[in-house]
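Single-structure report; data block below.
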Amino acid sequence: MGSRGCSCWLLSLALLCSLAAAKEQYHEFVIRETTVKRLCKSQSIMTVNGQFPGPTLEIKEGDSLIINLINRGRYNVTLHWHGVRQMRTGWSDGPEYVTQCPVRPGQSYRYRFTVAAQEGTLWWHAHSSWLRATVYGALLIRPRDGTSYPFHVQPTRELAPILLGEWWDMNPVDVVRAATRTGAAPNISDALTVNAQPGDLYSCSSHDTAFFPVTSGETNLLRFINAALNTELFVSLAGHNMTVVAADASYTKPYTTSLLLLAPGQTTDVLVTFDQPPGRYYLAARAYASAQGVPFDNTTTTAIFDYGAANNASSAAIAMPTLPAYNDTTAATAFTTNLRGLRKAELPSRVDESLFFTVGVGLFNCTNATAQQCGGPNGTRFAASINNVSFVLPSSTSILQAHHHGAPGGVFTADFPASPPVQFDYTAQNVSRALWQPVPGTKVYKLKYGSAVQVVLQGTNIFAGENHPIHLHGYDFYILAEGLGNFDAGADTAKFNMEDPPMRNTVGVPVNGWAVIRFVADNPGVWLMHCHLDVHITWGLAMAFLVDDGVGELQSLEAPPPDLPLC
């Protein structure tokens, strides 16, 4: 056999072995009400399989998942597999009325997808109303058999995933419905949580504080997920440094720090060497609150890391870390700007679509509404927008279904603006009231398959400037740069990191600042881009990209599954 024939045979054998190694997992996720006790009172919440947080899914790169969602709850629901690329499988992405109609009580739907070319920590959550306050869990993707993590130090073991969340003393769905009805801001959460437990600093909570046994001298892998609805979080472990090795299931150059920042939706993997005197150490998390004058949950959640020493009496003092001030933007910026991709970026040499998106909060005037519907400042209703378009979900069918059937009429329009309709000093202290009111609409921006897309995300100071965690479904993207103030194409383009920018699926657009992302539109379908502060997506801070099919089956959206829910 010639060398060329041998090479082809070996390549085919390698491909077959790769396919053989991949597995398919089947899980049933039953949505149902479960009674739990937090902050001294019992409450009925929505859960998956009665678990809070929900089940952890553990797979290897290349594996496929079939999740049979059975809705035995009282609300419509969908599930989103946050950060999963969903190549050609947009029907399984999950945001209600964007890629599917919701699964109604008594109905079911099977999500089917393969997790390819992704390793690390992702997660899943409800994508209907505010159900994700209690319907969420981890998705852990390990390297295939025969490969290892590309870390400078291999961990002795992995600890259980650390899911950070928020807790309300009332039904979160009632919280958002009341706010939608009145036009006012929703109630803030009553507690922050680690693995659904508030921790020692809250009433009636110390007995169930999240607990992590560790062994002196070991280096462990810790996986953090910010599943909170509306709160960005500073996180620190007393007495220990953490070396960041991945973010949003993309590997990073090792970065050692005592402080993490996670926006809602983001994940961070770290290595920690437990080399301190035997004892107990608090992991603590509290808010990074970047908006001036806006109420926020100012409590602190804790978990305990325990060396298990024989002389470690339970009454001994537990070391507490020092966390930054709530509004410490300098600390937040220092963390995000120190992240670098592990390898040289595969950036496109050209940009086909250069977009400029303003993101921010605004207000609707209340000319034809009652006083009870106008609970915002000065008799208004809160709103939010991208490029002055406040996103409205359809109700008769999903955007993806309407697109697939060639019937967008009455569902969406393909005229989302590539730039804001009015240019102004986006981060000025006194933005004109004439710019405060967005226009409601269900608009998408069309992209050709394979086009290279660059988006400048510009924060605005309309009403109140704030750090906005912007999440893009169906894609990872490179973060080329971020900065404060208004983006200046002439000066700021020179700051782009074209060598090793971090790759993520959720980027924090700095308060009164900007971030620039770039990706290739190689995944056909309809893909939501939105602020992952749920209060803001509720107000309309979202848009969607419609990516056309390419050439042939492998560049085209799969056919809709037969059990796709009806509206």
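Residue numbering: from 1, along the chain as shown.
Cβ atoms are placed via backbone N, Cα and C, with glycine included.
According to Swiss-Prot, the signal peptide annotation covers 1-22, on the basis of sequence analysis.
Residues or ranges marked as domain 'Plastocyanin-like 1' in Swiss-Prot: 30-146.
Sequence annotations record features per position, and here Swiss-Prot assigns N-linked glycosylation site to Asn76 (among others) based on sequence analysis. Taking a C-beta cut-off of under 8 angstroms and a sequence separation of 6 or more, Asn76 (N-linked glycosylation site) has the following same-chain neighbours: Glu96, Pro102, Val103, Arg104, Pro105, Ser128, Ser129.
Annotation source Swiss-Prot lists Cu cation 3 binding site at His127, His473, His530. Reduced to three states, the DSSP call for His127 (Cu cation 3 binding site) is coil.
Summarising the annotation, Swiss-Prot assigns N-linked glycosylation site to Asn187 (among others) and lists sequence analysis as the type of evidence. In this structure, Asn187 (N-linked glycosylation site) belongs to neither helix nor strand by DSSP; it is coil.
According to Swiss-Prot, the N-linked glycosylation site annotation covers Asn241 (among others), on the basis of sequence analysis. Cβ environment of Asn241 (N-linked glycosylation site): Thr256, Thr257, Ser258, Val272 lie under 8 Å away, each six or more residues apart in the same chain. Reduced to three states, the DSSP call for Asn241 (N-linked glycosylation site) is coil.
All chains included, 12 other C-beta atoms sit within 10 angstroms of the C-beta of Asn298 (N-linked glycosylation site). As annotated by Swiss-Prot, N-linked glycosylation site applies to Asn298 (among others).
Swiss-Prot lists Asn312 (among others) with the feature N-linked glycosylation site, giving sequence analysis as the kind of evidence.
Residues or ranges marked as N-linked glycosylation site in Swiss-Prot: Asn327 (among others). Taking the Cβ of Asn327 (N-linked glycosylation site) as centre and 10 Å as the limit, one finds 16 other Cβ atoms among all the protein chains shown. DSSP assigns Asn327 (N-linked glycosylation site) to coil, not to a helix or a strand.
For Asn365 (among others), the entry in Swiss-Prot reads N-linked glycosylation site, with the evidence type sequence analysis. The Cβ of Asn365 (N-linked glycosylation site) lies under 8 Å from the Cβ of Thr380, Gln437, each on the same chain and at least six residues away in sequence.
Summarising the annotation, Swiss-Prot assigns N-linked glycosylation site to Asn368 (among others) and lists sequence analysis as the type of evidence. Under the DSSP three-state reduction, Asn368 (N-linked glycosylation site) is assigned to coil, being neither helix nor strand.
Marked as N-linked glycosylation site by Swiss-Prot: Asn378 (among others). Proximity of Asn378 (N-linked glycosylation site) to non-local residues of its own chain (separation of 6 or more, Cβ distance below 8 Å) is seen for none.
A coil conformation is recorded for Asn388 (N-linked glycosylation site) in the three-state DSSP classification, outside any helix or strand. A sphere of 10 angstroms centred on the C-beta of Asn388 (N-linked glycosylation site) encloses 19 other C-beta atoms. According to Swiss-Prot, the feature N-linked glycosylation site maps to Asn388 (among others).
Residues or ranges marked as domain 'Plastocyanin-like 3' in Swiss-Prot: 415-551.
Here the Cβ of Asn430 (N-linked glycosylation site) has 7 other Cβ atoms within 10 Å, regardless of which shown protein chain they belong to. Asn430 (N-linked glycosylation site) falls within neither a helix nor a strand when secondary structure is assigned with DSSP, and so counts as coil. Here Swiss-Prot flags Asn430 (among others) as N-linked glycosylation site.
In the three-state DSSP scheme, Cys531 (Cu cation 4 binding site) is classed as strand. In the structure as shown, the Cβ atom of Cys531 (Cu cation 4 binding site) sits within 10 Å of 29 other Cβ atoms. The Cu cation 4 binding site feature in Swiss-Prot is assigned to His468, Cys531, His536; the stated evidence is similarity to another entry.
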State the three-class DSSP label for His468 (Cu cation 4 binding site), counting H, G and I as helix, E and B as strand, and everything else as coil. strand
If you skip the near sequence neighbours and keep only those at least six away, which residues in the chain come within under 8 angstroms of Asn187 (N-linked glycosylation site), Cβ to Cβ? Trp168, Met170, Val175, Ala178, Ala179
Neighbour count, 10 Å Cβ-Cβ cut-off, for His127 (Cu cation 3 binding site): what number do you get? 26
His468 (Cu cation 4 binding site): which of the recorded positions His127, Asn298, Asn388, His530 have a C-alpha within 10 angstroms of it? His530
Under a criterion of Cβ-Cβ distance under 8 Å and sequence separation of at least 6, what residues of the same chain contact Asn368 (N-linked glycosylation site)? none
Check the Cα-Cα distances from Asn388 (N-linked glycosylation site) to the recorded positions Asn298, Asn327, His473, Cys531 and tell me which is shortest. Cys531
Additional residues around Cu cation 4, ordered along the sequence, whose Cβ is within 8 Å of the centroid of His468, Cys531, His536: Val359, Val361, Ala384, Glu466, Pro469, Ile470, His530, His532, Leu533, Ile537, Leu541
Candidate recorded positions His127, Asn327, Asn430, His473, Cys531, pick with smallest Cα gap to Asn298 (N-linked glycosylation site): Asn327
